[in-house]
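J.: Mind having a look at this structure? Questions to follow.
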Amino acid sequence: DPLLGYSNEQAHDRLCGAQHADSSTPSSQHSLYPRYLQPFLGYFLVVGPSHHACEDSWEESQSKRTIRAENEVEANKLVNNYRFGFRKWKSHVTERPFEGRSDVVKELYSELNVIKPHSGHFITGGNVAYMLLFGWWVSLAYFLVGTLMFITVTGVPYGKLCWKLCCYFLWPFGNPIHEVLFGGHQTDSHKKTCTCNIIQCALLVVQCRFVTYVWLLLGYPPLVVVHSLACFISWILVFTIPVFKMNARTLGVILLLPPEDVSISAGSQRKHQGYETRALLCCYHAANWYYYKYTIDGINVFAANLLPLVIVALVTGYIDRENKYASSDVKFTIAIGSIIPLSYYIGMGIASISAQSNFAVGAVVNATFGSITELTFYITALLRGHQQANTCLEEVVKAALTGTLLGCILFIPGICMIIGGLRHSEQRFNSRSAGVSCALLFISIGGVFAPTLFSKAYGNLVCDSCTNSTGKRFLKITHSFIIILLHLLLINSALFVFRPLVYTVCALLPVAYIIGLLFTLKTHSHIYNIHVEEVQVSSHHGTVVHWSRWRSLVILILATVLTSACADLATEHIQPILSQPNISQYFIGVTVLAMVPEIPEIVNGIQFALQNNISLSLEVGSCIAVQVCMLQIPILVLFNAFYDVGFVLIFSDQHLWASIFSVILVNYIFMDGKCDYFQGTALVVVYLILLAQYYFAPSPAGC
């Protein structure tokens, strides 16, 4: 925030001065950006010079956001974050110049081959954890391999190297490994033997090759296994990626050098018996908490690590049909977990395409692919329930829809307010844009639950023809016929009476969504108070996007197909979970099935809150909740109209009142445009109370 750190008077003068300065040459500030960004920019750059106008805009300046972008694509992505109907994305979609990154980030991508002055001590929690988790067994492996090389006699040089590395890997911190450069150049065994005469050179070459063969056949393979295991464990733990780099560099560089060229010392780069040395490996810390920011081709390391889970889910689910190697509970857990990285890839693909396209294309992409993860699971569950004649899956889908609403309305804003409020005592957001979101939420909840309220008012059927004038029964019908009669009455009442209302509501909700898009993107885009500012970055390269439009489209399609497969496996193996007598099916729907696909969005919201951008954190949940009501539910009803899977848009009383109460509460919280951790705690506590209510509630009738 450009006003952060200034007092009210200083910020007032700074704002007024900026307005006077910008009013003279408004076009120079945003000439970099395309024409469709001008409505967002001109609102701030074309300001009257009067002092009275400055005084009137002071209140609105409290929620003004100045966003800085390195290039046009990033500027488009940042503006899209503030647009209604667009998925909020925290990560960059373009490569950032390395020279412009902070020292902390630069350290994350270092190759551990630079010796730095270090004044602190090396006895830290991460280093001690390294010795307990990795150091002792890697050191033991080197001791055993070194002993084996001594037994071969010809491998004594490599045995000495292994014993040196045995001590090194037990505690490697602050002890650099050097490569000795003979004659100022890197040389191998063949170049060194050329200093002898022809006969001696030939003999030494043969001897060196024989030693190398012994090492590559007996000593190197066991160490490959050891270092590969250490690399795998350290990479999965993420925060221990320095251990991964250390093991990978040892395996790929140090162990392939001649043993006499490797020197281990406690000093810095120095002379070694008259020859120059070059640092190969130098590690100071085994863990770094900032590695959660580490990315690979723009992909967060956690999402990259979870991607193999998709392969495991598909292999175990479609090959082990008889559950010989994994139970249904395990398969369900893996299938649900694999949806998390797929949701991340879908989100990044949407953000990449939207940032490289105009807002119309971005709106279409967000509307089509923004809810694809949830829709895939819901439709798969309804199809499987229809095939198995299991009405429980329909109730689980309704519980998941309600759980998504409750989580997006209560939990996501609440947890963001708590975490952001712990760093920033009070956070402000744009109350006008929040008011638009709250209005759309009211419309959404009112439309979705209108058939339910209608059924409560007019859904009771009374049959007076089954009793005579004296009030005694005169019809004796078998039990089975009564069941059939009641079933027909239920169909006639709930399906044919409520169906026109359901279709009417589902036709109006997308129209309201489109009107909201036009209102926030075209006619009243200025309410979001966005000021895009160019950042001068010294880079010789042009804008390089992580994912091009075509690559993003291919990844979107592939991730959608994989999500469908994982959703099919989850619904196939969900029945043992639903059969648990101690857990309500409502609780499973509103927690696991509703919130697991939204984990990437929760992470994005928390990151926005930590950067004092609580407006986007609140918009994350509101955007998802609005899309659930105005897009996902109408699509489910439309799907049921073409292929009847028994989905009726009538919710239980618990879903109805929990959703209505949540919308009223969050609207009250958003009224003043300010929030802190106390208000966030209130939202989270209410959410947990509702979860407890679902936990102790009985499962749906007949399930």
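Numbering starts at 1 and runs along the chain as displayed.
Backbone N, Cα and C define each Cβ position, glycine as well.
Bear in mind that TrEMBL entries carry predicted annotations, made automatically and left uncurated.
Take a look at what TrEMBL says about it:
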- 126-175: domain 'Inner membrane component' (DOMAIN)
- 552-692: domain 'Sodium/calcium exchanger membrane region' (DOMAIN)
- 128-151: transmembrane segment (TRANSMEM)
- 224-244: transmembrane segment (TRANSMEM)
- 298-320: transmembrane segment (TRANSMEM)
- 332-353: transmembrane segment (TRANSMEM)
- 359-379: transmembrane segment (TRANSMEM)
- 400-422: transmembrane segment (TRANSMEM)
- 474-495: transmembrane segment (TRANSMEM)
- 501-521: transmembrane segment (TRANSMEM)
- 583-604: transmembrane segment (TRANSMEM)
- 616-639: transmembrane segment (TRANSMEM)
- 645-670: transmembrane segment (TRANSMEM)
- 677-696: transmembrane segment (TRANSMEM)
J.: So, do the transmembrane segment (677-696) and the transmembrane segment (128-151) meet, by the test of 3 or more Cβ pairs under 8 Å (sequence gap 6 or more)?
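T.: They are not in contact.
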J.: Can you tell me which of 332-353, 359-379, 501-521, 583-604, 645-670 gets the most C-beta pairs within less than 8 Å of the transmembrane segment (400-422)?
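T.: Stretch with the highest Cβ contact count: 583-604.
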J.: If you run through the domain 'Inner membrane component' (126-175) with DSSP, how many residues end up as helix, strand and coil?
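T.: Grouping H, G, I as helix and E, B as strand yields 41 helix, 1 strand, 8 coil.
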J.: Select the range from 298-320, 332-353, 501-521, 616-639, 645-670 that forms the most Cβ-Cβ pairs under 8 Å with the transmembrane segment (583-604).
T.: 332-353
J.: Pairs of Cβ atoms less than 8 Å apart decide it: which stretch in 298-320, 332-353, 359-379, 616-639 has the most with the transmembrane segment (645-670)?
T.: 616-639
